[in-house]
Amino acid sequence: FNTKGTTHPITHHRSQVDIYERLPVPFGLVRFGVAPDHPEVKNVINTFTQTAKHSRCSFFGNVNVGKNVSIAELQQAYHAVVLSYGAEGNRSMGVPGEDLDGVYSAKDFVGWYNGLPSCRELSPDLSCETAVILGQGNVALDVARILLSPIDILKKTDITQPALEALAESQVRRVLIVGRRGPIQIACTIKELREMVNLPDTRPDMVASDFDGVKEALKDLPRPRKRLTELMLKTALEVPGEKEQERRNKASRTWGFRFFRSPVEVLADISRGRIAGIRLAVNRLEGSGEGAQAVLTGEVEDVSCGLVVSSIGYKSLPIDPSVPFDSHKAIVPNTMGRIQRAAGLYCSGWLKTGPTGVIATTMNNSFDTARSLVEDMESGKLDVSAIKPGSQSIGALLEKRGVKPVTFSDWEKIDNVETKRGESSGKPREKLLTVEEMLQVAWT
């Protein structure tokens, strides 16, 4: 949807834009990635809905591109094809024990509490006291916040009912958020940090020595980084005021950053066949600022925990042998969204850039792709003189293959059912959790 934002092809001449989506429901990352307690971020769905209802835009859900229909077939049917399927693969930690029970990727953990059908049966064991999250970006802080949030807050969100029930019974009382570099290199934004600092019934638990020299480095930092670091310093080192101290004293849960640490091994509890802890290498930094590199010191330390969530990044996966793919960078090689050596093929989002930045960053790079496409149409680089059949021929192919797409009006039936189910329990919506249930509602 972002690629059809400002200066999008749909406003150009008489273009018809068709959106193909693997799941029966639209909105991808906004539905399945944005934290349930961030409803303001999900408001972008209203803009997406306006786009989808444009007379020259059509949505075809329940169509798996690369499986139900090939890229080559799409290229035959359309003048241009834009790939925007994101980064659904996980970066591996590459350490012994990462396949033990009790170790989860952040992608799967987030998918579980957000209702992604493929993560429905994750059922994480939350019977431990300490959880360790590897990575210090916004997703890592989302996971920490969901693990520690009071249930009264979560039950007013669109978090799934199974996740809500599991979190209500959770024994997790301490969350450590681990990063290989220092406070000045942390990847989260100030908004997410502030939410952790102000999270009810929690108090911060930091290691003062992790912040040695940070105060002195403040003057050289760009303003956003400086504000973020100042908030960390205040939270970690300053004596709180009377009211804040009272709040912290009453807190039953703790959270904290652990800097200069890298995973070496997930430790097993042999008798239970699951994790008992994690061994962390102690690092030092070489260089300064954003470019500083973590270097092993040879020291290690063990942390007892019953849950590890790896939030060290995502990676895109190849969709079709005909599409160029850089397996080292895990992106489709492109110039401003134009896929290299593939006329008429474009890409946007994390498939184009790698998993970097926040939603606004992704929106802007998607607008760039849309501009590239429009420029190519106007310059003649993209030949649009020949008539192409578009969804007419793809629809016939799908019908022949026994694939029935979900239209946007079908999605609105799902939306209506989810919203009504949510109303009965005071939630914005209660998501349908299986593709089968979604299709049943869509086609009723």
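Cβ coordinates are placed from backbone N, Cα and C, and glycine is handled just like the others.
Unlike curated entries, TrEMBL annotations are predicted automatically.
The FAD binding site annotation in TrEMBL covers GLU21, LEU29, VAL65, TRP350, GLY357, VAL358, ILE359. Look at TrEMBL and you will find GLN136, GLY137, ASN138, VAL139, ARG180, ARG181, GLU192, GLY357 tagged as NADP(+) binding site.
Sequence-distant neighbours of ASN138 (NADP(+) binding site): residues of the same chain at least 6 apart with a C-beta under 8 Å from its C-beta are ALA187, CYS188, THR189, GLU192, VAL358. Every protein chain considered, the tally of other Cβ atoms within 10 Å of the Cβ of GLY137 (NADP(+) binding site) stands at 21. Taking GLN136, GLY137, VAL139, ARG180, ARG181 as the binding-site residues under consideration, the smallest Cα distance to LEU29 (FAD binding site) is found for VAL139. Each of the binding-site residues ARG180, ARG181 was scored by other CB atoms within 10 A of its CB, and the lowest score goes to ARG181. Separation of the C-alpha atoms of GLY137 (NADP(+) binding site) and GLY357 (FAD binding site): 10 Å, rounded to the nearest whole number. Sequence-distant neighbours of GLY357 (FAD binding site) (same chain, 6+ apart, CB under 8 A from its CB) are ASN365. Binding-site extent for FAD: residues GLU21, LEU29, VAL65, TRP350, GLY357, VAL358, ILE359, maximum pairwise Cα distance 26 Å (rounded to the nearest whole number). For the binding-site residues LEU29, VAL65, the ranking by surrounding Cβ atoms (within 10 Å, all protein chains) places VAL65 first. It is 24 Å from the Cα atom of VAL139 (NADP(+) binding site) to that of GLU21 (FAD binding site).
For GLU21 (FAD binding site), the same-chain residues lying six or more positions away in sequence with a CB closer than 8 A to its CB are GLY28, PHE59, PHE60, GLY61, ASN62, VAL63. As a whole number, the greatest separation of Cα atoms within the NADP(+)-binding residue list GLN136, GLY137, ASN138, VAL139, ARG180, ARG181, GLU192, GLY357 is 19 Å. With respect to their backbone Cα atoms, VAL65 (FAD binding site) and GLN136 (NADP(+) binding site) stand 33 Å from each other. Counting only residues at least six positions away in the same chain, the Cβ atoms of GLY86, ALA87, TYR314, SER316, THR356, THR362 sit under 8 Å from the Cβ of TRP350 (FAD binding site). Ranking the binding-site residues VAL139, VAL358, ILE359 by C-beta neighbours within 10 Å puts VAL139 at the top.
If you compare Cα positions, ILE359 (FAD binding site) sits closest to GLN136 out of the binding-site residues GLN136, ARG180, ARG181.
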